[in-house]
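What Swiss-Prot lists as repeat 'TPR 1' is 4-37. The region 'Disordered' annotation in Swiss-Prot covers 89-109, 118-137. Positions annotated as repeat 'TPR 2' by Swiss-Prot: 225-258. Swiss-Prot lists 259-291 with the feature repeat 'TPR 3'. Marked as repeat 'TPR 4' by Swiss-Prot: 292-325. The repeat 'TPR 5' annotation in Swiss-Prot covers 326-359. Feature annotation from Swiss-Prot assigns repeat 'TPR 6' to 360-393. According to Swiss-Prot, the repeat 'TPR 7' annotation covers 397-430. For 432-464, the entry in Swiss-Prot reads repeat 'TPR 8'.
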(Lines of atoms letter the chains of each structure in order from A and count residues from 1; the text may use other names and numbers.)
(Lines give C-alpha, C1' and ligand atoms only; values in the text may rest on other atoms or scores of the structure.)
Protein backbone atom coordinates (compact mmCIF):
# COMPACT_ATOMS: atom_id res chain seq x y z
CA UNK A 1 0.00 0.00 0.00
CA UNK A 2 2.83 2.38 0.98
CA UNK A 3 4.65 2.08 -2.37
CA UNK A 4 1.46 2.85 -4.35
CA UNK A 5 0.74 6.15 -2.55
CA UNK A 6 2.44 9.37 -3.53
CA UNK A 7 5.12 10.32 -0.95
CA UNK A 8 3.43 13.62 -0.03
CA UNK A 9 0.04 11.93 0.41
CA UNK A 10 1.66 9.21 2.52
CA UNK A 11 3.40 11.86 4.67
CA UNK A 12 0.05 13.65 5.13
CA UNK A 13 -1.54 10.32 6.11
CA UNK A 14 1.20 9.77 8.73
CA UNK A 15 0.59 13.29 10.07
CA UNK A 16 -3.17 12.71 10.38
CA UNK A 17 -2.48 9.45 12.26
CA UNK A 18 -0.08 11.30 14.60
CA UNK A 19 2.97 9.34 13.40
CA UNK A 20 5.01 12.52 13.36
CA UNK A 21 8.49 11.00 13.21
CA UNK A 22 7.61 8.92 10.12
CA UNK A 23 6.01 12.00 8.55
CA UNK A 24 9.11 14.14 9.21
CA UNK A 25 11.46 11.43 7.84
CA UNK A 26 9.43 11.11 4.63
CA UNK A 27 9.33 14.90 4.17
CA UNK A 28 13.11 14.99 4.70
CA UNK A 29 13.59 12.44 1.89
CA UNK A 30 11.40 14.53 -0.42
CA UNK A 31 13.26 17.74 0.45
CA UNK A 32 16.67 16.10 -0.07
CA UNK A 33 15.86 15.88 -3.78
CA UNK A 34 15.97 19.69 -3.90
CA UNK A 35 19.38 21.31 -3.24
CA UNK A 36 18.30 23.22 -0.09
CA UNK A 37 15.63 22.37 2.44
CA UNK A 38 16.31 25.56 4.38
CA UNK A 39 13.42 27.27 2.63
CA UNK A 40 10.76 26.09 0.16
CA UNK A 41 11.35 26.60 -3.51
CA UNK A 42 8.88 29.22 -4.84
CA UNK A 43 8.28 27.40 -8.13
CA UNK A 44 7.84 23.92 -6.61
CA UNK A 45 4.52 23.62 -4.73
CA UNK A 46 5.28 20.00 -3.73
CA UNK A 47 8.55 21.08 -2.09
CA UNK A 48 6.71 23.91 -0.35
CA UNK A 49 4.00 21.54 0.94
CA UNK A 50 6.63 19.07 2.20
CA UNK A 51 8.48 21.90 3.98
CA UNK A 52 5.30 23.09 5.74
CA UNK A 53 4.31 19.52 6.64
CA UNK A 54 7.73 18.77 8.12
CA UNK A 55 7.65 21.99 10.17
CA UNK A 56 4.18 21.08 11.48
CA UNK A 57 5.21 17.49 12.29
CA UNK A 58 8.28 18.65 14.24
CA UNK A 59 6.12 21.21 16.10
CA UNK A 60 3.51 18.60 17.05
CA UNK A 61 6.22 16.34 18.51
CA UNK A 62 7.02 18.89 21.23
CA UNK A 63 3.70 20.77 21.39
CA UNK A 64 2.23 21.52 24.83
CA UNK A 65 -1.34 22.74 25.27
CA UNK A 66 -0.68 26.05 27.01
CA UNK A 67 -4.30 26.60 28.08
CA UNK A 68 -4.35 23.95 30.81
CA UNK A 69 -0.71 23.29 31.59
CA UNK A 70 0.58 26.29 33.45
CA UNK A 71 3.13 26.13 36.24
CA UNK A 72 4.56 29.11 38.04
CA UNK A 73 8.21 28.53 38.79
CA UNK A 74 10.16 29.83 41.79
CA UNK A 75 11.70 32.52 39.58
CA UNK A 76 8.25 33.75 38.50
CA UNK A 77 6.83 33.67 42.04
CA UNK A 78 9.69 35.28 43.95
CA UNK A 79 11.02 37.69 41.31
CA UNK A 80 7.59 38.88 40.13
CA UNK A 81 7.74 42.63 39.47
CA UNK A 82 3.98 43.07 38.95
CA UNK A 83 2.56 45.18 41.76
CA UNK A 84 -0.48 43.48 43.29
CA UNK A 85 -2.57 44.92 46.12
CA UNK A 86 -1.19 43.60 49.42
CA UNK A 87 -4.53 43.87 51.24
CA UNK A 88 -7.20 42.92 48.69
CA UNK A 89 -10.89 42.87 49.56
CA UNK A 90 -12.15 39.49 50.82
CA UNK A 91 -13.14 37.13 48.04
CA UNK A 92 -11.26 39.02 45.30
CA UNK A 93 -7.80 37.46 45.50
CA UNK A 94 -6.25 34.05 44.89
CA UNK A 95 -3.03 34.92 46.71
CA UNK A 96 -4.61 35.03 50.17
CA UNK A 97 -6.62 32.05 51.40
CA UNK A 98 -10.28 32.97 51.65
CA UNK A 99 -12.29 32.18 54.74
CA UNK A 100 -14.80 29.41 54.39
CA UNK A 101 -18.11 31.30 54.29
CA UNK A 102 -19.92 28.90 51.97
CA UNK A 103 -20.99 26.20 54.40
CA UNK A 104 -18.42 23.72 53.08
CA UNK A 105 -16.38 21.40 55.30
CA UNK A 106 -13.94 23.17 57.65
CA UNK A 107 -10.22 22.63 57.90
CA UNK A 108 -10.85 20.17 60.74
CA UNK A 109 -12.53 17.85 58.21
CA UNK A 110 -10.89 18.69 54.89
CA UNK A 111 -7.07 19.05 54.71
CA UNK A 112 -5.62 22.20 53.17
CA UNK A 113 -2.60 23.05 51.04
CA UNK A 114 0.25 25.33 52.08
CA UNK A 115 -1.58 28.21 50.35
CA UNK A 116 -4.54 27.76 52.70
CA UNK A 117 -7.01 26.25 50.23
CA UNK A 118 -8.70 22.84 50.50
CA UNK A 119 -6.99 20.00 48.64
CA UNK A 120 -8.75 19.51 45.30
CA UNK A 121 -10.10 16.21 44.03
CA UNK A 122 -7.98 16.40 40.88
CA UNK A 123 -4.28 17.22 40.69
CA UNK A 124 -3.66 20.24 38.45
CA UNK A 125 -0.44 22.18 37.95
CA UNK A 126 -0.18 25.00 40.54
CA UNK A 127 -3.02 23.66 42.76
CA UNK A 128 -0.44 22.18 45.12
CA UNK A 129 1.64 25.28 45.60
CA UNK A 130 -0.27 28.56 45.48
CA UNK A 131 2.05 31.50 46.01
CA UNK A 132 4.56 30.92 48.80
CA UNK A 133 5.38 33.71 51.19
CA UNK A 134 9.11 33.04 51.42
CA UNK A 135 11.87 31.52 49.31
CA UNK A 136 12.21 28.74 51.89
CA UNK A 137 8.54 27.79 51.47
CA UNK A 138 8.84 27.96 47.69
CA UNK A 139 11.75 25.53 47.69
CA UNK A 140 9.97 23.18 50.08
CA UNK A 141 6.70 23.15 48.09
CA UNK A 142 6.50 20.14 45.77
CA UNK A 143 5.84 20.89 42.13
CA UNK A 144 3.29 18.09 41.76
CA UNK A 145 2.37 15.00 43.71
CA UNK A 146 4.99 13.09 41.74
CA UNK A 147 8.16 14.95 42.64
CA UNK A 148 9.39 16.76 45.72
CA UNK A 149 11.53 19.10 43.62
CA UNK A 150 9.91 22.45 42.83
CA UNK A 151 10.02 23.73 39.29
CA UNK A 152 12.70 26.43 39.20
CA UNK A 153 11.34 28.35 36.24
CA UNK A 154 8.32 28.09 33.97
CA UNK A 155 10.65 28.02 30.98
CA UNK A 156 11.95 24.71 32.34
CA UNK A 157 9.06 22.83 30.78
CA UNK A 158 9.72 24.30 27.32
CA UNK A 159 12.39 22.60 25.26
CA UNK A 160 15.79 24.25 25.56
CA UNK A 161 16.85 26.39 22.63
CA UNK A 162 18.22 24.24 19.83
CA UNK A 163 18.13 20.96 21.75
CA UNK A 164 15.08 19.47 20.05
CA UNK A 165 16.05 20.85 16.65
CA UNK A 166 19.47 19.16 16.80
CA UNK A 167 17.81 15.82 17.50
CA UNK A 168 15.57 15.99 14.44
CA UNK A 169 18.38 15.49 11.92
CA UNK A 170 22.01 14.46 12.37
CA UNK A 171 23.20 17.25 10.03
CA UNK A 172 21.91 20.00 12.28
CA UNK A 173 18.69 21.99 12.65
CA UNK A 174 15.90 21.77 10.06
CA UNK A 175 15.65 25.57 9.77
CA UNK A 176 18.56 27.90 10.42
CA UNK A 177 16.68 30.70 12.19
CA UNK A 178 19.52 33.21 11.99
CA UNK A 179 19.39 33.12 8.17
CA UNK A 180 15.63 33.62 7.87
CA UNK A 181 14.28 36.73 6.19
CA UNK A 182 11.19 37.22 8.37
CA UNK A 183 9.79 40.05 6.21
CA UNK A 184 9.64 37.73 3.18
CA UNK A 185 7.90 34.96 5.13
CA UNK A 186 5.40 37.34 6.75
CA UNK A 187 4.01 38.05 3.25
CA UNK A 188 3.11 34.36 2.78
CA UNK A 189 0.38 33.75 5.41
CA UNK A 190 0.22 29.92 5.15
CA UNK A 191 3.99 29.55 5.38
CA UNK A 192 4.22 32.15 8.13
CA UNK A 193 1.76 30.34 10.42
CA UNK A 194 3.59 27.00 10.18
CA UNK A 195 6.94 28.74 10.66
CA UNK A 196 5.67 30.74 13.67
CA UNK A 197 4.49 27.61 15.50
CA UNK A 198 7.80 25.88 14.71
CA UNK A 199 9.82 28.81 16.10
CA UNK A 200 7.65 29.20 19.24
CA UNK A 201 7.10 25.57 20.23
CA UNK A 202 10.02 23.66 18.70
CA UNK A 203 12.83 26.21 18.94
CA UNK A 204 11.36 28.14 21.91
CA UNK A 205 12.69 31.40 20.50
CA UNK A 206 9.92 33.68 21.77
CA UNK A 207 11.55 36.92 20.61
CA UNK A 208 11.93 35.78 16.99
CA UNK A 209 8.39 34.35 17.03
CA UNK A 210 7.12 37.72 18.28
CA UNK A 211 8.99 39.53 15.47
CA UNK A 212 7.44 37.24 12.85
CA UNK A 213 3.95 37.64 14.36
CA UNK A 214 4.29 41.45 14.44
CA UNK A 215 5.37 41.59 10.77
CA UNK A 216 2.57 39.22 9.73
CA UNK A 217 -0.05 41.27 11.62
CA UNK A 218 1.22 44.38 9.89
CA UNK A 219 1.01 42.64 6.50
CA UNK A 220 -2.59 41.55 7.20
CA UNK A 221 -3.40 45.20 8.09
CA UNK A 222 -4.25 44.15 11.68
CA UNK A 223 -7.33 42.24 10.48
CA UNK A 224 -6.22 38.68 11.27
CA UNK A 225 -7.32 37.73 14.82
CA UNK A 226 -5.09 34.60 14.82
CA UNK A 227 -1.91 36.65 14.75
CA UNK A 228 -3.14 38.85 17.59
CA UNK A 229 -3.68 35.75 19.75
CA UNK A 230 -0.16 34.55 18.92
CA UNK A 231 1.34 37.94 19.84
CA UNK A 232 -0.58 37.74 23.13
CA UNK A 233 0.88 34.27 23.79
CA UNK A 234 4.40 35.60 23.17
CA UNK A 235 3.83 38.53 25.54
CA UNK A 236 2.45 36.13 28.17
CA UNK A 237 5.58 33.96 27.92
CA UNK A 238 7.74 37.07 28.28
CA UNK A 239 5.82 38.13 31.41
CA UNK A 240 4.29 41.23 29.75
CA UNK A 241 0.77 40.51 30.97
CA UNK A 242 -0.86 43.90 30.32
CA UNK A 243 0.35 43.88 26.69
CA UNK A 244 -0.94 40.29 26.34
CA UNK A 245 -4.32 41.41 27.72
CA UNK A 246 -4.59 44.14 25.05
CA UNK A 247 -3.84 41.68 22.24
CA UNK A 248 -6.34 39.06 23.45
CA UNK A 249 -9.06 41.72 23.89
CA UNK A 250 -8.40 43.03 20.37
CA UNK A 251 -8.61 39.47 18.99
CA UNK A 252 -11.93 38.89 20.80
CA UNK A 253 -13.41 42.04 19.22
CA UNK A 254 -12.59 40.67 15.76
CA UNK A 255 -13.45 37.00 16.32
CA UNK A 256 -14.85 35.42 19.46
CA UNK A 257 -13.12 32.08 20.08
CA UNK A 258 -13.18 29.81 23.14
CA UNK A 259 -9.37 29.58 23.22
CA UNK A 260 -9.01 33.36 23.30
CA UNK A 261 -11.37 33.57 26.30
CA UNK A 262 -9.24 30.94 28.06
CA UNK A 263 -5.94 32.72 27.29
CA UNK A 264 -7.30 36.06 28.52
CA UNK A 265 -8.62 34.42 31.71
CA UNK A 266 -5.12 33.01 32.32
CA UNK A 267 -3.75 36.56 32.17
CA UNK A 268 -6.32 37.78 34.73
CA UNK A 269 -5.60 34.85 37.06
CA UNK A 270 -1.85 35.49 37.05
CA UNK A 271 -2.60 39.20 37.71
CA UNK A 272 -4.69 38.03 40.71
CA UNK A 273 -8.03 39.20 39.33
CA UNK A 274 -10.24 36.10 39.74
CA UNK A 275 -13.50 38.09 39.74
CA UNK A 276 -12.61 39.63 36.35
CA UNK A 277 -11.74 36.14 35.07
CA UNK A 278 -15.12 34.82 36.31
CA UNK A 279 -16.97 37.64 34.53
CA UNK A 280 -14.99 36.93 31.36
CA UNK A 281 -15.87 33.22 31.49
CA UNK A 282 -19.55 34.14 31.96
CA UNK A 283 -19.36 36.45 28.91
CA UNK A 284 -17.87 33.51 27.02
CA UNK A 285 -20.77 31.29 28.12
CA UNK A 286 -23.22 33.86 26.70
CA UNK A 287 -21.53 33.43 23.31
CA UNK A 288 -20.84 29.68 23.63
CA UNK A 289 -23.59 28.24 25.89
CA UNK A 290 -22.67 24.99 27.62
CA UNK A 291 -18.97 25.11 26.60
CA UNK A 292 -17.25 22.61 28.92
CA UNK A 293 -13.84 24.33 29.12
CA UNK A 294 -15.43 27.64 30.18
CA UNK A 295 -17.64 25.96 32.81
CA UNK A 296 -14.61 24.05 34.10
CA UNK A 297 -12.60 27.29 34.27
CA UNK A 298 -15.29 28.90 36.47
CA UNK A 299 -15.40 25.82 38.74
CA UNK A 300 -11.61 25.87 39.18
CA UNK A 301 -11.59 29.55 40.16
CA UNK A 302 -14.37 29.01 42.71
CA UNK A 303 -12.42 26.04 44.09
CA UNK A 304 -9.27 28.15 44.45
CA UNK A 305 -11.31 30.89 46.17
CA UNK A 306 -12.45 28.31 48.75
CA UNK A 307 -16.05 28.40 47.52
CA UNK A 308 -16.60 24.65 47.27
CA UNK A 309 -20.41 24.74 46.94
CA UNK A 310 -20.34 27.02 43.85
CA UNK A 311 -17.49 24.94 42.39
CA UNK A 312 -19.56 21.75 42.81
CA UNK A 313 -22.54 23.40 41.06
CA UNK A 314 -20.42 24.27 38.03
CA UNK A 315 -18.79 20.82 37.96
CA UNK A 316 -22.33 19.37 37.84
CA UNK A 317 -23.05 21.68 34.87
CA UNK A 318 -19.88 20.31 33.22
CA UNK A 319 -21.17 16.74 33.67
CA UNK A 320 -24.52 17.67 32.08
CA UNK A 321 -22.59 18.62 28.93
CA UNK A 322 -19.87 15.93 29.11
CA UNK A 323 -20.62 12.98 31.39
CA UNK A 324 -17.12 11.51 30.96
CA UNK A 325 -15.24 14.56 32.29
CA UNK A 326 -12.73 13.00 34.71
CA UNK A 327 -11.85 16.22 36.56
CA UNK A 328 -15.49 17.08 37.29
CA UNK A 329 -16.32 13.55 38.49
CA UNK A 330 -13.23 13.43 40.74
CA UNK A 331 -13.88 16.88 42.26
CA UNK A 332 -17.56 16.19 42.96
CA UNK A 333 -16.63 12.82 44.48
CA UNK A 334 -14.02 14.47 46.70
CA UNK A 335 -16.54 17.14 47.76
CA UNK A 336 -19.11 14.50 48.76
CA UNK A 337 -16.49 12.50 50.69
CA UNK A 338 -15.46 15.50 52.80
CA UNK A 339 -19.14 16.47 53.27
CA UNK A 340 -19.67 13.16 55.11
CA UNK A 341 -21.36 11.41 52.18
CA UNK A 342 -18.97 8.53 51.39
CA UNK A 343 -21.73 6.44 49.73
CA UNK A 344 -22.37 9.19 47.16
CA UNK A 345 -18.61 9.70 46.63
CA UNK A 346 -18.29 5.95 46.03
CA UNK A 347 -20.72 6.19 43.11
CA UNK A 348 -18.57 8.86 41.43
CA UNK A 349 -15.30 6.96 41.92
CA UNK A 350 -16.91 3.75 40.61
CA UNK A 351 -17.97 5.75 37.56
CA UNK A 352 -14.31 6.66 36.99
CA UNK A 353 -13.41 2.97 37.26
CA UNK A 354 -16.04 2.11 34.63
CA UNK A 355 -14.56 4.76 32.34
CA UNK A 356 -11.20 3.00 32.37
CA UNK A 357 -9.27 5.11 34.90
CA UNK A 358 -7.06 2.53 36.61
CA UNK A 359 -4.47 4.02 38.94
CA UNK A 360 -3.24 4.08 42.53
CA UNK A 361 -5.10 7.26 43.52
CA UNK A 362 -8.49 5.94 42.40
CA UNK A 363 -8.20 2.65 44.31
CA UNK A 364 -6.92 4.54 47.34
CA UNK A 365 -10.05 6.75 47.26
CA UNK A 366 -12.30 3.74 46.65
CA UNK A 367 -10.80 2.01 49.69
CA UNK A 368 -11.47 5.01 51.94
CA UNK A 369 -15.03 5.45 50.62
CA UNK A 370 -15.77 1.74 51.12
CA UNK A 371 -14.49 1.89 54.72
CA UNK A 372 -16.48 4.97 55.69
CA UNK A 373 -19.57 3.65 53.86
CA UNK A 374 -19.18 0.43 55.95
CA UNK A 375 -18.54 -1.80 52.92
CA UNK A 376 -15.68 -3.55 54.68
CA UNK A 377 -15.40 -6.46 52.21
CA UNK A 378 -14.03 -4.13 49.50
CA UNK A 379 -11.79 -1.94 51.67
CA UNK A 380 -8.60 -3.99 51.96
CA UNK A 381 -8.77 -5.34 48.38
CA UNK A 382 -8.94 -1.74 47.09
CA UNK A 383 -5.87 -0.77 49.13
CA UNK A 384 -4.01 -3.89 47.94
CA UNK A 385 -4.69 -2.82 44.34
CA UNK A 386 -3.59 0.73 45.18
CA UNK A 387 -0.28 -0.54 46.62
CA UNK A 388 0.37 -2.74 43.58
CA UNK A 389 -0.32 0.23 41.25
CA UNK A 390 1.79 2.78 43.19
CA UNK A 391 4.31 4.24 40.75
CA UNK A 392 6.60 5.93 43.27
CA UNK A 393 7.44 6.21 46.95
CA UNK A 394 5.10 9.16 47.62
CA UNK A 395 2.05 7.27 46.35
CA UNK A 396 2.92 4.19 48.43
CA UNK A 397 3.38 6.43 51.50
CA UNK A 398 -0.11 7.92 51.04
CA UNK A 399 -1.66 4.44 50.75
CA UNK A 400 0.08 3.23 53.96
CA UNK A 401 -0.99 6.44 55.72
CA UNK A 402 -4.64 5.80 54.80
CA UNK A 403 -4.31 2.16 55.87
CA UNK A 404 -3.13 3.53 59.23
CA UNK A 405 -6.41 5.44 59.47
CA UNK A 406 -8.35 2.25 58.75
CA UNK A 407 -6.40 0.51 61.54
CA UNK A 408 -7.22 3.36 63.96
CA UNK A 409 -10.86 3.08 62.91
CA UNK A 410 -11.04 -0.62 63.80
CA UNK A 411 -9.08 -0.05 67.03
CA UNK A 412 -5.89 -1.94 66.08
CA UNK A 413 -3.25 0.51 67.33
CA UNK A 414 -0.34 -1.87 66.68
CA UNK A 415 -1.30 -2.18 63.00
CA UNK A 416 -1.79 1.61 62.83
CA UNK A 417 1.68 2.14 64.32
CA UNK A 418 3.23 -0.15 61.69
CA UNK A 419 1.30 1.51 58.83
CA UNK A 420 2.40 5.03 59.81
CA UNK A 421 6.00 3.82 60.16
CA UNK A 422 5.80 2.25 56.68
CA UNK A 423 4.45 5.56 55.34
CA UNK A 424 7.55 7.29 56.76
CA UNK A 425 9.83 4.60 55.30
CA UNK A 426 8.46 5.44 51.83
CA UNK A 427 8.38 9.21 52.37
CA UNK A 428 10.19 10.69 55.36
CA UNK A 429 8.64 14.12 54.70
CA UNK A 430 5.09 12.90 55.40
CA UNK A 431 4.02 15.38 58.10
CA UNK A 432 0.60 13.80 58.70
CA UNK A 433 2.18 10.40 59.44
CA UNK A 434 4.58 12.02 61.95
CA UNK A 435 1.62 13.70 63.66
CA UNK A 436 -0.47 10.53 63.92
CA UNK A 437 2.52 8.47 65.06
CA UNK A 438 3.09 11.06 67.81
CA UNK A 439 -0.51 10.64 69.01
CA UNK A 440 -0.03 6.86 69.22
CA UNK A 441 3.26 7.32 71.10
CA UNK A 442 1.51 9.72 73.49
CA UNK A 443 -1.13 7.08 74.22
CA UNK A 444 1.65 4.66 75.12
CA UNK A 445 3.08 7.27 77.50
CA UNK A 446 6.22 8.04 75.45
CA UNK A 447 6.01 11.83 75.92
CA UNK A 448 9.48 12.86 74.72
CA UNK A 449 9.24 10.73 71.60
CA UNK A 450 5.79 12.19 70.86
CA UNK A 451 7.11 15.76 71.25
CA UNK A 452 10.03 15.07 68.91
CA UNK A 453 7.68 13.65 66.26
CA UNK A 454 5.31 16.62 66.61
CA UNK A 455 8.17 19.11 66.25
CA UNK A 456 9.23 17.33 63.05
CA UNK A 457 5.64 17.41 61.72
CA UNK A 458 5.18 21.13 62.50
CA UNK A 459 8.49 22.05 60.83
CA UNK A 460 7.61 20.02 57.70
CA UNK A 461 4.06 21.42 57.42
CA UNK A 462 3.66 24.76 59.24
CA UNK A 463 0.28 25.26 57.49
CA UNK A 464 -1.27 22.30 59.38
CA UNK A 465 -2.87 23.11 62.72
CA UNK A 466 -2.87 19.56 64.17
CA UNK A 467 0.87 19.23 65.01
CA UNK A 468 0.92 22.69 66.64
CA UNK A 469 -2.20 21.97 68.71
CA UNK A 470 -1.01 18.49 69.74
CA UNK A 471 2.39 19.87 70.74
CA UNK A 472 0.68 22.62 72.76
CA UNK A 473 -1.51 20.03 74.53
CA UNK A 474 1.44 17.73 75.34
CA UNK A 475 3.56 20.65 76.59
CA UNK A 476 0.65 21.89 78.73
CA UNK A 477 0.29 18.46 80.36
CA UNK A 478 3.96 18.26 81.35
CA UNK A 479 3.97 21.87 82.61
CA UNK A 480 5.95 23.56 79.81
CA UNK A 481 3.50 26.46 79.56
CA UNK A 482 5.70 28.80 77.52
CA UNK A 483 6.20 26.35 74.64
CA UNK A 484 2.56 25.32 74.89
CA UNK A 485 1.46 28.95 74.43
CA UNK A 486 3.78 29.51 71.43
CA UNK A 487 2.52 26.33 69.72
CA UNK A 488 -1.12 27.19 70.48
CA UNK A 489 -0.67 30.60 68.84
CA UNK A 490 0.77 28.90 65.72
CA UNK A 491 -2.25 26.58 65.72
CA UNK A 492 -4.58 29.59 65.92
CA UNK A 493 -2.83 31.24 62.96
CA UNK A 494 -3.22 28.04 60.92
CA UNK A 495 -6.89 27.51 61.88
CA UNK A 496 -8.52 30.54 63.59
CA UNK A 497 -11.93 28.81 64.07
CA UNK A 498 -10.52 25.85 66.02
CA UNK A 499 -12.45 25.89 69.33
CA UNK A 500 -10.06 23.64 71.31
CA UNK A 501 -7.11 25.91 70.48
CA UNK A 502 -9.06 28.95 71.68
CA UNK A 503 -9.93 27.17 74.95
CA UNK A 504 -6.28 26.21 75.48
CA UNK A 505 -5.03 29.77 74.87
CA UNK A 506 -7.67 31.14 77.26
CA UNK A 507 -6.64 28.60 79.91
CA UNK A 508 -2.92 29.43 79.47
CA UNK A 509 -3.62 33.17 79.74
CA UNK A 510 -5.39 32.53 83.05
CA UNK A 511 -2.32 30.57 84.26
CA UNK A 512 0.00 33.43 83.27
CA UNK A 513 -2.28 35.98 84.96
CA UNK A 514 -2.06 34.05 88.23
CA UNK A 515 1.77 34.00 88.23
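We count from 1, first residue shown onward.
Even glycines carry a Cβ here, placed using N, Cα and C.
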Going by DSSP, how much of the repeat 'TPR 4' (292-325) is helix, how much is strand and how much is coil, in residues?
27 helix, 0 strand, 7 coil
Positions whose Cβ lies under 8 angstroms from the repeat 'TPR 1' (4-37), at least six residues beyond its ends
44, 46-47, 49-51, 53-54, 56-58, 60-61, 168-169, 174
Chain residues in Cβ proximity to the repeat 'TPR 7' (397-430) (below 8 Å; excluding those fewer than six residues from its ends, i.e. six or more beyond)
148, 360, 364, 367-368, 371, 379-380, 383, 386-387, 390, 436-437, 440, 443, 460
For the repeat 'TPR 2' (225-258), the number of residues DSSP places in helix, strand and coil:
28 helix, 0 strand, 6 coil
